[in-house]
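The next block holds one structure in the form of structure tokens; read it before the comments.
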């Protein structure tokens, strides 16, 4: 049999190749074009506005951004988003890998769990967000009622009640909201990974007397390593950009995308483009680092 | 999948491993959904929720919907749903046609797997930029003094800047297509890659034209991908309030927007009733779609 490559060079292009190639090219321009314009415009001079022509070249708007946009604390929002993204990433990795392992065995109710997570994936986010918001507000109400009831006899509990704000928060409701979005992706990736996984390696390890933990640590984990990094990257980037599920479930503070959404209607200077350029750079850095890490892990495995 | 690895890690029962994963969905998905349903039947005052059972919230939502208004319009709820469904249909159609064409090109016309991967990654990179950024990146292009208007005026095609480019139905659909066509491309491409190439040769040997092959072989075999992509796009557009808000200049109503505004005014039972109705509509659409394709059979 001829190798695929030599054959493909000789065959003429099928009918429809060029029109479709044109469609594809236009699609790529459509994807990148607008983004390139705001990267360019974020380097406007101090006189520059929201549209072309470009008036001078400077880092003016990035400096403006560092000084803050109005009342919004961008740096704090950035830190919150990074922190939440990192925690979501870690939990997505651990929970998805564990669930992926569980699904390889006989898991009673596994189908139900699978359908629930897929349902979460396609559920309109505003509904989940509203539900989690409600849940935590009702929890607040319940806790306050309980503290009032018990507080009659205890000054300590009364003080707790006075200081109690809300259970809504970055690491409670918002974290949960993000996980309902990242975990289904994690599980689907783990399915894809374990479908291609050859269990002979594990059997060999067991035959050699490895404990289940040793088998996992030294055989399974290195083999699935690059995909696990991919799951982590999905977790971080999905969280980093999440608005709809966070909107009702975060309480008093905001993440960066939520601040950004608010700024679109109030900020009318290229500083908002500078912010766009900045967040894009962070995303691309994360992606670059994870791709490098996955590649490095893949290479370690072969050596 | 289960049988040949049933013995692995036997010491840990499967539910110990799947438990934390399941707990997240119980705590942050199933219970919240149940609460939305329950609270949609509650009373509320300006500052608190009052447990009980009332259909008032639903009645409020459909107030005046039994007949047309004096101006001959639908009631607010119906017209909002019609507007949201209109966006849904337009975005679905545009992403389907574009996504199918791109997936078809990648799956059948790009022959080397290496090139396929490169082009595929090229399409996914923008996906990693914030959605809001991708939305506002249309402003310098579509605005009154934007690049498109400048170009058209420079060419002498128009005298006045075109106003409907930005903060309009057009810009909303454009942004949706820009943001979510990938959700169509990935599943359709996935389905297409599973099609046995000899089927296409057989079709052409049997004398089918290119279009006949496309319509009678490729489209039916890509149905699962089309369905999955459609479900993604439709559920996103139905519940959206961010894209329609930003790209519509906060002027266009949508179901998601109504829910969001009602929660801002702490009208949670009303918002919950709206969410229940939205969920029912979305589930009906999905149910209708799955009648067309048996998704479980093909997974």
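Along the chain as shown, residues are numbered 1 onward.
From the backbone N, Cα and C atoms, a Cβ is placed for every residue, glycine too.
Marked as transmembrane segment by TrEMBL: A:20-43 (among others).
What TrEMBL records for A:78-290 is domain 'ABC transmembrane type-1'.
Residues or ranges marked as transmembrane segment by TrEMBL: A:82-103 (among others).
The annotation transmembrane segment is assigned in TrEMBL to A:112-136 (among others). Long-range contacts of the transmembrane segment (A:112-136) within its own chain (CB-CB distance under 8 A, at least 6 residues past either end) are made by residues 99, 103, 166-168, 172-173, 176-177, 180-181, 183-185, 187, 244-249, 251.
Per TrEMBL, transmembrane segment is recorded for A:178-198 (among others).
If one looks beyond the transmembrane segment (A:219-240) by at least 6 residues along the same chain, the residues whose Cβ comes under 8 Å of a Cβ in the stretch are 81, 84-86, 88-93, 96-97, 178, 181-182, 185-186, 189-190, 192-194, 197, 201-202, 204-205, 210, 256-257, 279, 282-283, 286-287, 290-291, 293-295, 297-298, 300-301. Feature annotation from TrEMBL assigns transmembrane segment to A:219-240 (among others).
Long-range contacts of the transmembrane segment (A:271-297) within the same chain: residues 35, 38-39, 41-42, 44, 50, 61-62, 64-65, 69, 74, 222, 225-227, 229-230, 232-233, 236-237, 240-241, 256, 260, 263-264, each at least 6 residues beyond the stretch ends and with a Cβ under 8 Å from a Cβ of the stretch. Here TrEMBL flags A:271-297 (among others) as transmembrane segment.
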Same-chain residues at least 6 beyond the ends of the transmembrane segment (A:20-43) whose Cβ lies under 8 Å from its Cβ atoms: 50-52, 54, 57-59, 61-62, 270, 273-274, 276-277, 280
Within-chain partners of the transmembrane segment (A:178-198) [C-beta distance under 8 Å, separation at least 6 from its ends]: 84, 88, 91-93, 95-97, 99-101, 103-104, 114, 117-118, 120-121, 125, 128, 220, 223-224, 227, 230-231, 234-235, 238-239, 242, 245-246
